[in-house]
Amino acid sequence: MYLMKDITRDGNPVLRKRAAKVQFPLSDKDKQLAHDMMEYLEISQDEKLCKKYGLRAGVGLAAPQVDVSEQMAAVLVPQIDPDADTDKPMFKDVIINPVIVSESVQYGALTEGEGCLSVDEDVPGYVPRHDRITLRYQNVDGETIKIRLKGYPAIVCQHEIDHLHGVLFYDHINKEHPFEAPHGTVMID
Ligand code: K2U
Ligand code: NI
């Protein structure tokens, strides 16, 4: 299993590279990578296990963050709406060779700003992203999935896809006015 010592940190060139496309059928190494990245998220979201292993909780983890420059990321977005009629995750999958095929003109941003397992210090400010996206990716079985995402799951997937393109969240923050978001931005709590 991955521990914080396995997570690459800002300054490591692997985080600024464009990752390579993943070939199918998946190699055993890539199958293990997919498993281990999702396992990290599951453990990090279990309060006891997270503390036991000294992890930072995460809702996404991209392969470059474990020093593998390939287009693969695990995403596990738990249900955050207490009134929701299910505790099923809002989105859970390993997205391989993801492509955003369409995106809303309207921006969305987390009111709390963003963090990153690969960036140890806080970088305050709004991170404007597309509020709605249509995402196409391959899953571990090689099936092509096309899904529309909105709000928080859309934000998380864009954060992870950025990692595959060598982009970090603070690249999007307005340097002069960090808490200014483009007009019409949907603020997400
Ligand atoms: O890629 C990563 O570093 C994982 C980030 C993903 C993220 C996506 C969108 C907005 C912020 C961060 C971690 O999940 S950061 C820690 C975290 C944990 C729970 C909820 C939000 C952020
Ligand atoms: Ni990150």
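Cβ coordinates are placed from backbone N, Cα and C, and glycine is handled just like the others.
Residues His159, His163 are recorded by TrEMBL as Fe cation binders, and the candidate that the same record lists for that site, out of Cys50, Cys116, is Cys116. Sequence-ordered, the extra residues of this chain that approach the Fe cation site, with Cβ no more than 8 Å from the Cβ center of Cys116, His159, His163, are Gly60, Ala62, Gln65, Glu114, Leu117, Ser118, Glu160, Asp162, Leu168, Phe169.
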